[in-house]
Every structure is written in C-alpha cells, then in structure tokens.
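Asks: Dropping a structure here in structure tokens format, bear with me for questions.
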Amino acid sequence: MLEINDFSAIRISLASPEDILSWSHGEVTKPETINYRTLKPERDGLFCERIFGPTKDWECYCGKYKRVRYKGVVCDKCGVEVTRSKVRRERMGHISLASPVSHIWFVKGTPSRLGLLLDISPRNLERVLYFASYMIVHVDEELKAQAREALQAEYREKRERIQQEAESKQIELSTQLTQDLGGMESAQITTQRRIEEEYRRLRDEISAEAERLRSDLEEKQGEAAEEDILFRGTVLIEEGEIITEKTLDALDELLDQELETLEQRKQRDLEDAEQLTGAERERKEYEASQERERLQERLQSELDRLVREEKERLEQIDSIKLKRILSEQEYRALREIAPGVFRADMGAGAVRDMIVRTIDLDKLAEELQNEVYTTQGQRRKKATKRLRVVEAFRKSGNRPEWMILTVLPVIPPDLRPMVQLDGGRFATSDLNDLYRRVINRNNRLKRLMELNAPEIIVRNEKRMLQEAVDALIDNGRRGRAVSGKGKHRLKSLSDMLKGKQGRFRQNLLGKRVDYSGRSVIVVGPDLKLHQCGLPKKMALELFKPFVMRRLVEKGFAHNIKSAKRIVERVRPEVWDVLEEVIKDYLVLLNRAPSLHRLSIQAFEAKLIEGSAIQLHPLVCAAFNADFDGDQMAVHVPLSRKAQEEARMRMLSKYNLLSPATGDPIITPSQDIVLGCYYLTMVKDGAKGSGKMFASIDEALLAYDKGLIDIQAPIFVRMTGTVYGESDRPVRMLSPDENGAPRMLLETTIGRIIFNNELLEPLRFRNRLIAKKGLREIIADCYKYYTNLNNLTEADLDTIRAMYGDRPRDDLARYFGSEMTASQADRIKTLGFRYATRGGMTIGVDDIEIPPKKQDILAEAEKRVTEVERQFRRGLITEEERYREIVEIWQNATKQTTEAVKQHLNPFGPVAMMVNSAARGNINQLSQMAGMRGLMSDPTGRIIELPIKSNFREGLSVLEYFVSTHGGRKGLADTALRTADAGYLTRRLIDVAQDNIVTIDDCGTDEGLWIYRADDREVLQDFEQRILGRLLAAPLVDPRTGEILANRNDEIDEALVRKCKELAIDAVYVRSPLACKADYGICRMCYGRNLATGKLVDIGEAVGIIAAQSIGEPGTQLTLRTFHTGGVASADDITQGLPRVQEIFEARTPKGKAILAEIDGIVELVREDEVRKIRVVATELYTDDHELPPHYEPVVADGAQVNEGDVLAQSNRADLNGEPIVARIAGVVRIGAGQISVINEEREVREVVAPHTARLAPGIENGARVVAGQHLTEGSADPQELLALQGREAVQRYLVNEAQKVYRSQGVDINDKHIEVIVRQMLRRVRIEEPGDTDYLPGELIDSTEFVRKNAEIISQGGEPATASTMLLGITKASLTTDSFLAAASFQETTRVLTEAAITGKVDYLRGLKENVVIGKLIPAGTGIEKRRQLAEEIIGELANVAPATSTAVVEQERPDREADEALRRRLRALIGGDGDDGERNNGDFDDQVGEDVVIPPDDDDQEA
C-alpha cells in the first residue's frame, strides 16, 4: 500500500558530508564534459557514465553489454552499470574539496546565520572567510599565563637595570662636583696671593718713588722749583714756587692718598676674585643639579615607557581570545609577543575548526536564555536572535559545522544538459561552467598543497575556490557576478529555483502538458450550454491513442503500429471511430489569463469542420472572452476519475453562478438582449393595437396571418398569473374548471412568444425585458429548481439515472443546473432569432444631435465669461476660478447628455441598444451626439477647456489634440493595471491558499455584527450582506421577542425578507473572521457557497476562491490617484487598485487620518500658525466632609486647597474639636451642612494637524470622541486602529474599506471573500513574554497554536506566554506561513529555504501549493475524499494490529511497532493533525476510529 508519494509530510534540513557521499555515485575529478570527437562523456568528468549512468538505455559506455537482458550488470571494462538512461536525471556525484568552503546562503543571508552562531559581525566573518583577516581558533591558556609571567619578569628586570644605571650616574655626578669645587677653592687662594704680592710690589714702588722725591725735595728745600714737580701725575709744586716744609707735608699727604687708593683697589680686586669664584661654584652646582634632574626625568620616562609597553603587551596577551579577528600586522605582532600561545587561521577551515572545537549548543542555549531574561534593549534583541538560531540547530538535529562544505554535491547531468546545435556547436547549462571553475580550482589547490607551495599562493587559491563555490550556489550574491560569453550572468543553483523562470514557478506549480492544443475561438450559436465545437483535425491529434486503440479493437488494424499508420494517412474510417471515441467525452477549455476558476471549464466536444474552436456565447462572460481573435487552449482529462470529476464539478452547465457574488454568470448579453428587448417592446398604435383574443393560440394565429404587429398592444385571456410586476393593465377572471387562475392581460405577441420559451414556473412576465430582466430569469430559474420543495421524486430520479445515488441536496443542485442551462439555451436561441428578425442596425443618421445643444453651450459660455470677469477684478482666487469653470462645463455636459436622452427615438436602434443594456451607454452616446466635455491632462488634472464638439460633428484640431491626452493615459493605465492586478492576485492566492473547509463546526461563540447603518458606507444593502450567512445567536423579533431563527440557522431568502419587513437593523452572524478551526475554516463560519447557493461542502478551497474573487475584478479598478476638483489638496485619496493594495498590505495610507488616542473632549488650538488638536480626558473625584453644627469653614467657596490643608474648625472654645482636613487636593465647594473637595484629573493628548488636513465631520470644540475615532478626514492607519480599538475594529475597517473601493467601481464581491483574506492577515501573534513556553520574545506564532500551547502550559501549572495580535500585510503573511514549500514558491526563495533548512522544518502539506509542488492530489474537493478513504484504510490496518483488550502493549510482543507508529503518524497528518500530536484533529479522529478500535499509544503518550 505504501507508494513512493504516499507520504504526508516533507522535511528539509542541512546535508551532512556523509549524506552527500551517500547520495553520490562517484567523485567528479575532471572538468571535462564530453569528448568533441566521439561526442561521448569523458571518464570522471561532469557527464561521466560510470558515475551518472549510461546515456543510452541498456548500453554501457564501451558497448560490451547491450540490450535489456544485461540489466544491472556493471561492465568490467568501462565500469558503467547497464540500466535505463533516465537514471541520469537522478544520480548525483560529488567533488571532494581540498579545503572546506562556506555555504554562501548561511554567510550572506540576513541575518548571517554563521555570524550569529559565532557572535561575529558579518563583515568580520566575510574577511575571515575570504582570507583578508585571521581568526584565533585555539588558545593555550597555560602557555598564555606563562607568557604573561615571563613578560612581567622581563620588564621587572629591565626596570631594575635602568634604576641601577641611574644610581651609578648620580654618584659619578656628585664625585665630579666635589672635585670641581675643590679645584676652584685652591685656585681662589692662588689668586688672592697673586693680588697681595702685586699690590705689595706696587706699594713698595710708590713708597720708593715718594722716598726718592722726598730726598730730592729735602735737598732743594728753600729753592725755587725750576719746573713743575709732579708726584704720580699730581702737581706738587709749580715752576718758580719755593720748596718748603709744606711741600714735604703735601708729598706725605699725597703718598697717604695714593696708598689708600691702592689699598681700596686691592680690596676691590680681592672681592672681585672671590665673587668670580662664588659664581663659578654656583654655576657648577646648578649644572650638577640640572644634570641630576635630567637623569631623574630620563629614568622616570624610561620606567613609564616600560610600564606602558608592559601594559600594552600584557593587554595584547590578554586579548588573545578565541574568535578574535586579527589583521596581518596584528597577527605578526602577536606571534612575536606570544609565540606558541595561540593558533590563528583564515578561511572556512578556520571557521569550521572553531565551530567543531568550541560550540556546545546546549550550554550556549542556556547562556543565551539567561541573557534574554536578564538584559534589556539591544543586548536582549541580539541574544534573542542568536538564541533563535541555536534553538533551531538544537531542535532540528542539524550540526552547525554542516554550514561549511567539505564535500560538494554535483547534480545529475540531465538537469544541466549539454546539447548540440545545428552548426556543430554546443549549448550547455551555465551550471556546467560553474562546476568546471570549481573543479579546476580544486585540482589546482590540491596540486599546490602537494608541492608545499608558499602560504600566500595556497591562500589565494583557497579564496578562489571559495568564490567559485559561492558563484555555483548563488552567483552575484557577493561581489561581481561571474559572467560567461557575451557578458551574460551565469545562472547558479539559486537562480534555478527562484523567480518566475525558477524551478518552483516554472516546472512545479505550472507544467506544460501533453494532450492539449490551442486555437482561435469563434461563436457557436447552435451549441448547447455544455458543448463546444472542436475542429476535427485537432480532435484527431488530441485523441490519437484512443482512436488507435479503437481501430485495433474494431479490427481495422492488427496492431498499434498499423493503427498509427491508418491515423496518419487519415483514412475515412478514422472519422467514424473518432466520432465514437469522442461521444460523451469531456474536454477542458481554458482562456488565459486564468483569473478565476471559471476560466477553465469542461465541455462535451462536438466535432466540427474548420480550424477554430466554437464556444457557446453565454460562457463568454465567465471566460472574459470575445471573438476578436482570442485563443483558447483545450486539454483532455485522461483517466476515468478525471473525466468524472470534470463532469461533476467543471461542466459549464454546473457553473452557472459566480463564486464571487452568487449572481448568475451565464447571463445573455448583446444580440440576445437586443432580440429579447425588441420582442417585449410595446408600440402603441402599431397594426392590430387594442384587439382582443380569447386565447394565446388565437392571438398567435392572428400574428401568423399578418393581422397584428409583433409589438402591438393586444388583450389576451390566459390561464396563470403575472410573475412580478406588470407594466400593462391586468384583470383577474374567475378560475377555470380545474381551479387554475385566469386573467385578461394587455400584452403583445412578442411577449407571448417570449414567455412561451420560459419554463412554466417562471411565466408570465408582462414587462419590457432588458439585460437585468434576463439575469433575473436565470437566477429565479436556478433558485426555483434547486429548492427541494419544488421538485418531485421523478425529477430527482432523472438526475439519479445520470449520476447515481447522491445526497438529495446534491441531486437538487444538479437538477436545478440542468433546467437553468436549458432555459438559458432557449433564451439564447430566441434572442438571436429576433435580433435577426428585428434587423436592428446602426447608421450615422441614427445619431441625432439635440437642438437644445447650442442654447446649453451659449449659456455655459456666458457663465464662464462672468467668472473670468470676476477673477480679473480680483473678486475670486485662481483656485476658485478654476473650480467654477470646471463645474460650469461639467453641468453643461450633464445637460447635453440629458438633452440627447430626451431627443432619442425610443424605438430607434440606438435607443434600444442603450436602454436594453445590450451595448453602449448614454455617456458614449452623449459623446457621439452631444459633446465630449472635459478631458484630463497626463497628471490627471482636468483641463478647463472643454471639447464642445461631438463625434458626429467632428473635432477641431485643438480639440482632437486635447482629447489625445486622455486616450493615451487610458491605454498606459490599462497596461500597468493589468500587471499590478495580476501581482495582487498572486499575493492573495498565496496568503489564502491553505484555507480549505476542513470541519463542520469549530464551535466558536464569536461572530460578527452586521449593521443596517453601515449600508451607506459600503454601498450595499443590509439584506445582501446577511444572505447566506449562519446566525451566531438566535434572531429575535424586536417587537414581540419571538425567536425567528436559532443559532447556526442559515439566513435564506425567506428570512431576509422577514428581516426587511420587521426592519431588523443588526444581526450577529458567523464569520470566517471569528472561525477557530486549527487548520482551514469550518462550514458554519463560512456559510453559503455562493457558486451553488447551498451550505459550503467540506473540501471547498475557499481561500483560493476568495483570492480569485478579489483579484479577478482588479483590472477593472482604476489605477490613478483621484484629485477631487483636479487640484492636489488634503482630500487627495488613493482610490482603485493602489488603495486595494494599501489595504491588503496593511500599509500606512497616503493622506493618513489623525485618530483620537483616548476618549475625551476635543479642544482646537492655534499656536503661531500651527493648528493643534487636543483631546482631553477628565475624571472628577469628590471628597465630601460633613460640617457639624458648631463648625465653620476657614476657606472660601471655590478656593484651591492641597492635601492636609484645614477646611473647617470648631467656633466654640469650650469644645476642643479636631479641625476638618482636606484628604485630597482640589477645589472647595461649600454646601448646606457639608464641605466638599473636587479633584479633576486630566489626561491630555495633543497632535499637530497639517495645514492641508480637514477636520472630520462633527469634530469641533467641545465634541466628545472615543479612542480610534477620526479627528481629520482621510484613511486610518490599520496598525494604529489595531492598537487603539483592537482586533474586531480593524477587521471591520479593512473589510469595509476594501468593499468601498470595489463598489465605487461597480464591482460586486461578497464580504466573506474579503473576510477570509483579512483573517489570514490577523492569524499571527507576536510573543512578548514567553513564560514557561519554549517560544522566544518577538517570535511570530499562529494564534490558534498559541492558545493551544498556553492551555497546555496552564494545565501543567506553568506560566503562560503573553502576546499581542499582529496585523501583517499579505506578502509578509504569505512568507510566515507554516509551509516552507508554499513560502519558497512565492518570494524570497533562498531566504525561506535557508531558514527552513536550519530549523529542519516539516511541511505537513496542508495547503494546495505544497501538494501541487510535490505532485500529490490537492487536499480539496475530491482530494479530501481521497485522504479520508486513505485514513480509513490505515485505521483498518491499525484495527487488525491493535489488540482490543488493552492499550498498553509490551515491547517484545510488538515486532512491527515502528511500522505501526509510522502508520499512525500518517493517519494523523491525513486527518489534519501534526505528525507528533494526536490532540489536533478537531474530533474527526475519534469519529473515524469508532468505538471498537483501540489505537496503541505513542511512547510520549505513555510518558504523559
């Protein structure tokens, strides 16, 4: 029973080197691909047959073994195994790398997983990996301590040596000084002696000279002097004077003076000599002290330098820590300081070494957990990020070192093929070039390492190998992308996966299929609704194998080969056989773009001549097809099951209602509408008007005889009643003999013919039938015939004969569809016939210009002139002038349109086309017969110059030029809009694709209030909005209190009518928004399936339907941002598609409204040209004190007091009363016998309103507002709204806002589709405090999973986690889905896969995309039935294995325990549980198992 794709979950993880080697069939050692002479793969090369398998089926490389009989033999000569060549699509090889290489996804992804794990910044990590920096990978702590001590000892020694040197120098200096001073003293004594001797000699000389002179004078005493007599230059006696005793006395005096002067000079010289010696001594002493100081300083600086140096080097040694990044210089310096203490390395090898040696995940997780709980801010954030990665590795069983590759897998050669082109050249996959680079560099590196090449060369080669592997895995992620010939970027393995051309979107989600073709479509007016015309040539090609088999069966050919020849020669019998084969066979028709599920429908093929496919005109609306050259594709469902499914679910006649709105999508249009309109018109005064007929047959006979006109009003007596309103008089007559009602009716032959084509219950419609009327007929027909009360058993038996016995509801649905389809076909035939008979056509003369036009234009011109005059006089501003003129011309255009309308001939073809809504509208007509009006310029601003002409008159050159703006803008908008709408649809599909109806009832009590008051806002009737919902609470008659319907009753048409009659204005209904189903949605919350009009079935893919319903009309939405009045102002509102994207992406809107943050009173303030809006919340607290009789207040009424102030005291001295004291601060109020203090607490929130912002209606001074209310006009920011008003308010807001956009464009979508998407946007919660759960702060968790986990924790007495609701945009929500396959196939493929691989994510294949990707049936529709059947089979097997007596089974008695557990796990996954958790199956599990089957428990169950 276990098949290759019979699994229920798929896991992705990192591959270990052992895994890679186990996948490999051999090592690729050579870069060669194929030999260009023999065109055979080279041995050990990238296409080697020995490794990857033979290139030809059952044939080895050398040709020794050929044919299938040698299957499995390995050739002894060439080593190739004889097998099928398709193994070359699955066999892998490997390259053993000479040096480890990092995987770029884990290095360059954000956040860098390797960086987080090692706590290294991505920049530093990159520098290590690409050999720019070293990383310390090993530290010998013992050696480090020794090195530290040695260094300290060395510097201690150095310091001592320097101090000793300094001391010896000091001693030397002192000795020198003492010597110098001693020398100076002896020199001084010598100098004194010399001076004494000198002066003694001089004294003796003077004395001798005086003595000589005295003796001369004594001799000549008494004589007159012959000449002047001098003594040492002084005149003693002049010439002629007599020498006397006085002269001798004078000589003695002079001698004494001379000797005294000499003595003084001697003393002076002695002093000078002494001073000189003193100064010299001082100088010497000063110099010595200076030298001493210098020595001291030098010593100190030397010591300081040593201390500094020691400190630096000690710091360097201390900084030797694991994971430290070093530059080349730092590495060299450290190696000198601390040789042998550490080992530093670079490249991926170093990182791998580091991880293997140092990372203990359990210990690291514990440390990080402590950090998360004990720190705040940035540190906590970082610890959380790191913890997330560590936990991922711990839980998944992946090893961190596997992020570094030592063995590189080589993908199978047929996935990177090489093909020969015409000119003998070869085209090859880029991957081969990238692999070749890796192999070349790897081989070169091996050779260099063998040769012991210099480190720098080896290192460079290692870096180049790293870059080659990076380019192979993800080219262009780091540095410049590797490009091949012609500068084109080579496509790497990552590029093979991502983007529209990647594996996911190109080959897994969408494939090209066989048994298909395409051709142009033409209209098939004679086809039935469920038929299509298939060209014979096409059918023969499509059904070739079937035809060949039938030819053999019928004996036209003996074997398939000859049958093939017959078909190729197109013998006549082929066509008969083809007719037989194709009878009752369904084909699928598809028109691209497939915007919704009705773009692919099944039809019975009808063989036709020609080459074009014929399509029924009524299904064009569903396909959005027309016949102006559209093409459609045909697909053949091959298996019986596929045929059955196509017939039951996809046949066009069973897809009559639009899944988006529930209205008929099979609506007659254009010619059919025109024919029916023509047929049901009344033309008073036409031939035969007013005649009376006794019966319908009589009237028809008169028409056949040409007595009355088809549109003439006549009176006819008939049986039955008028259906709905009648636009002509009706007189009821007495019933006929069977009791059937009869009436006399004014009608026309046309209406009789028309009603004859209607089914009995839908007659008699006596009014003008336009497009809307035809739609009503189809809708009424479907409603009538799908209602079981209107059907007989015979009716149901008809369907049973076709489809076997089914639930009565299903039978009614099929019967209703059959009847509606036949009704639609009858209307189609009738419409076409009478459109032809009526001969309505259109000519230029039918476009009549109303005579009033000139007057309207003249009036407008006059008013414009007046406005211009006022502007010139300065009475109005430029802005006002522009607005006035635009308004005048808009009014003129409206009046012209009205005039065209009135002037139209109601029986003219143009009026008939417009009024019947067959084609065109009054605005187009107005442009043809009235005036074109105002145009807008390329920016969307309205040009004030109107186009006064119409197309009938023709435009002037200027008018034509002005009108081209609008035309071109329209085309550009359409092109852009289509792409945008497509992308929006894709995002919506992705966010909702796993929303499938999985269970009957989730049991929630919550729901959604729908209010009549919202009608105006969302432009839809209250009745329409509640129809098809289920009640979440009983519906009560507001007047009598009578219960009209109970909880979980469907609100059908009858109940809706009752609500309207009783004017009930609010209903509490079940809604997808409130659904609590673990996976998907429950039937009750979803309600009615709009495509069938019945309660939704289990297995319906409601998420996809919702996304298609919103995305499909996306192209109709306008792209541009509207400028109201044409001028940019505060009420610039984004509309159309950009607004829808804004809503679903939960972005901050343009022109965001300011919301009130608290409940309170509005105060509008203006400060320095700044407008501020203040919201003040006040709360009053009153503290009353009773005043006893003899107490008097000591404060005045209205006074402000503080806490503790005296309020009143006794006025009588004899009574010693305590004073009354204020218990709170506030304002005093004195009343009769009491005194109160009123305290006012104010909370104020103030916002600055932009100049352009307009206040929201009702916002003025003193207005009361609630939190979340608009203070200014504009769109609210949904994130703000979520914070202020909570989840429900934001849900309602998003649904209503999206509806506003669609309805303003006239697009109808049911609310529930938008609700399904909004539910997905609010699915996640962000963890704030993890409590005792294993969540991390900031983690995004599914809300149902969060509630379940908390309940579990509380039941065990633990502390639950806290979280806040998150509103995610659809892109973000798609990427946070539980399925990694769905997320990876959506966007950011590499990021999603990186994350999934590290966490070892398991995809339980619950959504549609993931099942399509791996090629399983989707779990929707018949796929869910298949899963249930499979589950039942497994239960059967378990029942056989499990003993019915006890749940506990002894290990030894259960040899098949593992197989049994695997079965049980698969069962759980099938019925919607996890692989590991039996609790999550919404109760279906027990229902499936029943009473008598006992399921043996898991190990973990036993522990629990």
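Every residue gets a Cβ built from N, Cα and C, even glycine.
This is the feature table in Swiss-Prot:
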REGION    265-294  region 'Disordered'
COMPBIAS  279-294  compositional bias 'Basic and acidic residues'
BINDING   ASP626, ASP628, ASP630  Mg(2+) binding site
BINDING   CYS1002, CYS1075, CYS1082, CYS1085  Zn(2+) 2 binding site
REGION    1468-1504  region 'Disordered'
Asks: If I restrict to non-local contacts, at least six residues apart, and a C-beta distance under 8 angstroms, what lies near CYS1082 (Zn(2+) 2 binding site) in its own chain?
Replies: VAL997, THR998, ILE999, ASP1000, ASP1001, CYS1002, CYS1075
Asks: Of all the binding-site residues given, CYS1002, CYS1075, CYS1085, which has the fewest Cβ neighbours within 10 Å once its own Cβ is left out?
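Replies: If we count Cβ atoms within 10 Å for the binding-site residues CYS1002, CYS1075, CYS1085, the smallest count is at CYS1002.
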Asks: Inside 8 A of the center formed by the CB atoms of ASP626, ASP628, ASP630, which other residues of the chain have their CB, for the recorded Mg(2+) site?
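Replies: Counting only non-site residues, the set is ILE521, ALA625, PHE627, GLY629.
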Asks: At the Cα level, what's the spacing in Å between CYS1085 (Zn(2+) 2 binding site) and ASP628 (Mg(2+) binding site), rounded?
Replies: 43
Asks: Have a look around ASP630 (Mg(2+) binding site) and count the other CB atoms within 10 A of its CB, chains all included.
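Replies: There are 17 of them.
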Asks: Please work out the number of neighbouring Cβ atoms within 10 Å of the Cβ of ASP626 (Mg(2+) binding site), leaving out its own Cβ.
Replies: 11
Asks: List the residues in the vicinity of the Zn(2+) 2 site, defined as same-chain residues other than CYS1002, CYS1075, CYS1082, CYS1085 with C-beta within 8 angstroms of the site's C-beta centre.
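Replies: So the additional residues around the site are ILE999, ASP1001, THR1004, ARG1070, PRO1072, ALA1074, LYS1076, ALA1077, ILE1081, ARG1083, MET1084, TYR1086.
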Asks: Using all protein chains in view, find how many other C-beta atoms are within 10 Å of the C-beta of ASP628 (Mg(2+) binding site).
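Replies: A count of 6.
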Asks: Going by DSSP, is ASP630 (Mg(2+) binding site) part of a helix, a strand, or coil?
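Replies: The residue in question, ASP630 (Mg(2+) binding site), is coil (DSSP, three-state).
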Asks: Can you check what DSSP calls CYS1085 (Zn(2+) 2 binding site), collapsed to helix, strand or coil?
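Replies: The residue in question, CYS1085 (Zn(2+) 2 binding site), is helix (DSSP, three-state).
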